[in-house]
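Heads up, the thing below is written out as C-alpha coordinates.
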Amino acid sequence: MRSEPSSGGPELSGGGSPLAGAAEPADATDPALGTVRPGQPAPGAVGRVGPGAVEGLAGPEGPGRRQRHELWMRRALEVAVTGPDLPAVAAPTGGGGGVPVDDVPVGAVVYGPDGTELAVGRNERELTGDPTAHAEVLALRRAAERLGRWRLDDCTLVVTLEPCTMCAGALVLARISTVVFGAWEPKTGAAGSLWDVLRDRRLNHRPEVYGGVLEAENAAVLRAFFR
Ligand SMILES: [Zn+2]
(Lines of atoms letter the chains of each structure in order from A and count residues from 1; the text may use other names and numbers.)
(Lines give C-alpha, C1' and ligand atoms only; values in the text may rest on other atoms or scores of the structure.)
Protein backbone atom coordinates (compact mmCIF):
# COMPACT_ATOMS: atom_id res chain seq x y z
CA MET A 1 0.00 0.00 0.00
CA ARG A 2 1.27 3.33 -0.97
CA SER A 3 1.82 5.60 1.97
CA GLU A 4 -0.15 8.69 1.38
CA PRO A 5 0.37 11.74 3.45
CA SER A 6 -2.96 13.47 3.42
CA SER A 7 -2.90 16.51 1.25
CA GLY A 8 -2.64 19.59 3.31
CA GLY A 9 -2.85 17.54 6.46
CA PRO A 10 -1.54 19.13 9.56
CA GLU A 11 0.95 16.35 10.16
CA LEU A 12 3.01 17.26 7.14
CA SER A 13 2.40 20.94 7.08
CA GLY A 14 5.72 21.68 8.66
CA GLY A 15 4.28 24.87 9.98
CA GLY A 16 6.28 26.43 12.70
CA SER A 17 9.14 24.03 12.31
CA PRO A 18 12.35 25.60 13.46
CA LEU A 19 14.10 23.77 10.64
CA ALA A 20 11.76 24.86 7.91
CA GLY A 21 13.16 28.12 6.69
CA ALA A 22 15.93 28.23 4.16
CA ALA A 23 16.97 31.66 5.31
CA GLU A 24 17.31 30.79 8.95
CA PRO A 25 20.69 31.31 10.51
CA ALA A 26 22.85 28.27 10.05
CA ASP A 27 24.02 27.72 13.57
CA ALA A 28 25.37 24.32 14.44
CA THR A 29 24.76 24.98 18.10
CA ASP A 30 21.12 25.90 17.60
CA PRO A 31 19.15 24.17 20.36
CA ALA A 32 16.54 23.16 17.81
CA LEU A 33 19.09 21.05 16.00
CA GLY A 34 18.19 17.42 15.83
CA THR A 35 15.41 17.49 18.33
CA VAL A 36 12.27 15.45 18.00
CA ARG A 37 9.22 17.47 17.13
CA PRO A 38 6.94 18.10 20.10
CA GLY A 39 4.28 15.44 20.35
CA GLN A 40 6.41 12.74 18.82
CA PRO A 41 6.46 9.61 20.95
CA ALA A 42 10.18 9.17 20.52
CA PRO A 43 12.52 9.96 23.37
CA GLY A 44 13.68 13.51 23.50
CA ALA A 45 17.22 12.74 22.53
CA VAL A 46 17.94 12.39 18.86
CA GLY A 47 21.65 12.12 18.52
CA ARG A 48 22.06 14.71 21.19
CA VAL A 49 23.23 12.49 23.97
CA GLY A 50 25.71 9.68 24.13
CA PRO A 51 28.43 9.08 21.58
CA GLY A 52 28.67 11.77 18.98
CA ALA A 53 26.72 14.32 20.95
CA VAL A 54 29.34 16.94 20.40
CA GLU A 55 29.89 15.98 16.81
CA GLY A 56 27.76 18.88 15.69
CA LEU A 57 30.27 21.52 16.55
CA ALA A 58 31.68 22.94 13.40
CA GLY A 59 35.01 21.44 12.54
CA PRO A 60 37.89 23.55 11.34
CA GLU A 61 37.72 22.13 7.84
CA GLY A 62 34.06 22.10 7.09
CA PRO A 63 30.58 23.26 7.84
CA GLY A 64 28.77 22.33 11.01
CA ARG A 65 26.56 19.34 11.29
CA ARG A 66 23.37 21.20 10.60
CA GLN A 67 24.63 22.83 7.46
CA ARG A 68 26.03 19.51 6.29
CA HIS A 69 22.75 17.73 6.90
CA GLU A 70 20.82 20.40 5.05
CA LEU A 71 23.25 20.32 2.15
CA TRP A 72 22.95 16.56 1.92
CA MET A 73 19.18 16.75 2.24
CA ARG A 74 19.00 19.07 -0.73
CA ARG A 75 20.83 16.44 -2.74
CA ALA A 76 18.34 13.79 -1.55
CA LEU A 77 15.50 16.08 -2.56
CA GLU A 78 17.07 16.46 -5.99
CA VAL A 79 17.20 12.68 -6.31
CA ALA A 80 13.58 12.42 -5.16
CA VAL A 81 12.40 14.88 -7.76
CA THR A 82 14.58 13.99 -10.71
CA GLY A 83 15.52 10.37 -10.20
CA PRO A 84 19.08 9.10 -9.74
CA ASP A 85 20.00 8.90 -13.40
CA LEU A 86 18.19 11.85 -14.80
CA PRO A 87 19.38 15.42 -15.13
CA ALA A 88 17.72 18.01 -13.00
CA VAL A 89 14.49 19.33 -14.43
CA ALA A 90 12.75 22.57 -13.82
CA ALA A 91 9.43 21.01 -12.91
CA PRO A 92 9.54 20.38 -9.18
CA THR A 93 7.06 17.51 -9.19
CA GLY A 94 4.61 15.64 -11.33
CA GLY A 95 5.18 14.47 -14.84
CA GLY A 96 8.18 16.52 -15.81
CA GLY A 97 11.57 15.22 -16.78
CA GLY A 98 10.60 11.70 -17.69
CA VAL A 99 10.32 10.65 -14.08
CA PRO A 100 7.71 7.94 -13.57
CA VAL A 101 4.84 9.81 -12.05
CA ASP A 102 3.42 6.82 -10.22
CA ASP A 103 6.25 6.52 -7.77
CA VAL A 104 6.11 8.56 -4.62
CA PRO A 105 9.03 11.00 -4.86
CA VAL A 106 11.32 9.83 -2.09
CA GLY A 107 15.08 10.15 -2.47
CA ALA A 108 17.98 8.79 -0.47
CA VAL A 109 21.73 9.32 -0.55
CA VAL A 110 24.48 7.44 1.27
CA TYR A 111 27.56 9.41 2.26
CA GLY A 112 30.85 7.85 3.25
CA PRO A 113 32.85 8.69 6.37
CA ASP A 114 34.63 11.52 4.55
CA GLY A 115 31.43 12.94 3.09
CA THR A 116 31.83 11.34 -0.32
CA GLU A 117 28.57 10.54 -2.04
CA LEU A 118 28.56 6.76 -2.36
CA ALA A 119 25.15 6.02 -3.80
CA VAL A 120 21.67 7.34 -4.37
CA GLY A 121 18.27 5.76 -4.61
CA ARG A 122 14.83 6.89 -5.58
CA ASN A 123 11.65 5.06 -4.75
CA GLU A 124 11.07 2.75 -7.73
CA ARG A 125 8.31 0.53 -6.49
CA GLU A 126 5.91 1.26 -9.33
CA LEU A 127 8.64 1.47 -11.93
CA THR A 128 10.07 -1.94 -11.10
CA GLY A 129 7.08 -3.63 -9.50
CA ASP A 130 9.30 -4.45 -6.55
CA PRO A 131 7.68 -3.98 -3.13
CA THR A 132 11.11 -3.53 -1.55
CA ALA A 133 12.37 -0.91 -4.01
CA HIS A 134 12.28 1.92 -1.53
CA ALA A 135 14.82 4.71 -1.90
CA GLU A 136 16.74 3.72 1.21
CA VAL A 137 17.04 0.05 0.27
CA LEU A 138 18.27 0.89 -3.22
CA ALA A 139 20.79 3.39 -1.90
CA LEU A 140 22.05 0.92 0.71
CA ARG A 141 22.46 -1.83 -1.86
CA ARG A 142 24.37 0.42 -4.22
CA ALA A 143 26.60 1.81 -1.47
CA ALA A 144 27.42 -1.71 -0.26
CA GLU A 145 28.15 -2.77 -3.80
CA ARG A 146 30.46 0.17 -4.28
CA LEU A 147 32.32 -0.46 -1.03
CA GLY A 148 32.38 -4.18 -1.57
CA ARG A 149 30.98 -4.96 1.84
CA TRP A 150 27.62 -5.04 3.59
CA ARG A 151 28.78 -3.09 6.62
CA LEU A 152 28.32 0.62 6.18
CA ASP A 153 30.01 1.73 9.38
CA ASP A 154 30.59 5.46 9.67
CA CYS A 155 28.32 6.11 6.72
CA THR A 156 25.30 8.41 6.75
CA LEU A 157 22.03 7.82 4.95
CA VAL A 158 19.98 10.88 4.14
CA VAL A 159 16.37 10.38 3.05
CA THR A 160 13.60 12.83 2.36
CA LEU A 161 10.91 10.93 4.29
CA GLU A 162 10.95 9.14 7.62
CA PRO A 163 11.92 5.50 6.95
CA CYS A 164 9.35 2.71 7.14
CA THR A 165 9.87 -0.45 9.20
CA MET A 166 11.51 -2.30 6.32
CA CYS A 167 13.98 0.46 5.62
CA ALA A 168 14.67 1.12 9.29
CA GLY A 169 15.42 -2.59 9.66
CA ALA A 170 17.72 -2.50 6.66
CA LEU A 171 19.54 0.53 8.04
CA VAL A 172 20.18 -1.30 11.30
CA LEU A 173 21.36 -4.40 9.45
CA ALA A 174 23.72 -2.30 7.37
CA ARG A 175 25.21 -0.87 10.59
CA ILE A 176 24.76 2.60 9.19
CA SER A 177 26.06 5.16 11.68
CA THR A 178 23.78 8.11 11.08
CA VAL A 179 20.33 8.54 9.61
CA VAL A 180 19.06 11.96 8.56
CA PHE A 181 15.48 12.23 7.36
CA GLY A 182 13.22 15.02 6.19
CA ALA A 183 9.46 14.88 6.54
CA TRP A 184 7.83 12.94 9.30
CA GLU A 185 5.53 10.11 8.19
CA PRO A 186 2.93 9.63 10.90
CA LYS A 187 1.24 6.72 9.09
CA THR A 188 4.19 4.42 8.56
CA GLY A 189 7.25 6.04 10.09
CA ALA A 190 9.60 3.77 12.02
CA ALA A 191 12.02 6.40 13.21
CA GLY A 192 9.89 7.93 15.91
CA SER A 193 6.35 8.23 14.56
CA LEU A 194 4.72 4.78 14.77
CA TRP A 195 7.78 2.88 15.87
CA ASP A 196 11.32 3.74 16.71
CA VAL A 197 13.20 0.84 15.21
CA LEU A 198 16.39 2.84 14.76
CA ARG A 199 16.77 3.51 18.46
CA ASP A 200 15.25 0.36 19.89
CA ARG A 201 17.52 -0.60 22.74
CA ARG A 202 16.80 -4.27 22.18
CA LEU A 203 18.71 -4.15 18.91
CA ASN A 204 22.47 -4.44 18.78
CA HIS A 205 22.99 -1.41 16.60
CA ARG A 206 21.46 2.02 16.99
CA PRO A 207 22.36 4.78 14.56
CA GLU A 208 22.19 8.41 15.44
CA VAL A 209 18.99 9.90 14.09
CA TYR A 210 18.20 13.43 12.98
CA GLY A 211 14.63 14.00 11.87
CA GLY A 212 12.74 16.90 10.37
CA VAL A 213 15.65 18.28 8.36
CA LEU A 214 14.27 20.67 5.73
CA GLU A 215 10.91 19.30 6.73
CA ALA A 216 8.84 21.96 4.98
CA GLU A 217 10.53 21.47 1.62
CA ASN A 218 10.32 17.70 1.84
CA ALA A 219 6.69 17.74 2.89
CA ALA A 220 5.85 20.16 0.09
CA VAL A 221 7.22 17.81 -2.56
CA LEU A 222 5.12 14.96 -1.19
CA ARG A 223 2.01 17.10 -0.91
CA ALA A 224 2.41 18.23 -4.49
CA PHE A 225 2.66 14.61 -5.61
CA PHE A 226 -0.50 13.51 -3.81
CA ARG A 227 -2.50 16.54 -4.71
ZN1 LIG B 1 10.88 2.09 3.28
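For all residues, glycine too, the Cβ spot is worked out from N, Cα and C.
TrEMBL annotations:
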- 1-66: region 'Disordered' (REGION)
- 1-10: compositional bias 'Low complexity' (COMPBIAS)
- 36-54: compositional bias 'Low complexity' (COMPBIAS)
- 67-194: domain 'CMP/dCMP-type deaminase' (DOMAIN)
- His134, Cys164, Cys167: Zn(2+) binding site (BINDING)
- Glu136: active site, proton donor (ACT_SITE)
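Listed in sequence order, the residues Ala135, Glu136, Val137, Pro163, Thr165, Met166, Ala168, Ala170, Ala190 complete the 8 Å Cβ shell around the Zn(2+) site centroid, once His134, Cys164, Cys167 themselves are left out. Per-site Cβ counts within 10 Å over the binding-site residues Cys164, Cys167 peak at Cys167. Between the recorded positions His134, Glu136, Glu136 has the most other Cβ atoms inside 10 Å of its own Cβ, all protein chains included.
Looking at Cys167 (Zn(2+) binding site) and the residue listed as 'active site, proton donor', their Cα atoms lie 6 Å from each other. It is 10 Å from the Cα atom of Glu136 (active site, proton donor) to that of Cys164 (Zn(2+) binding site). Cys167 (Zn(2+) binding site) carries a helical DSSP state (H, G or I). When averaged over the domain 'CMP/dCMP-type deaminase' (67-194), pLDDT in the model lands at 90. Assigned with DSSP, the residues of the domain 'CMP/dCMP-type deaminase' (67-194) fall into helix, strand and coil as follows: 45 helix, 24 strand, 59 coil.
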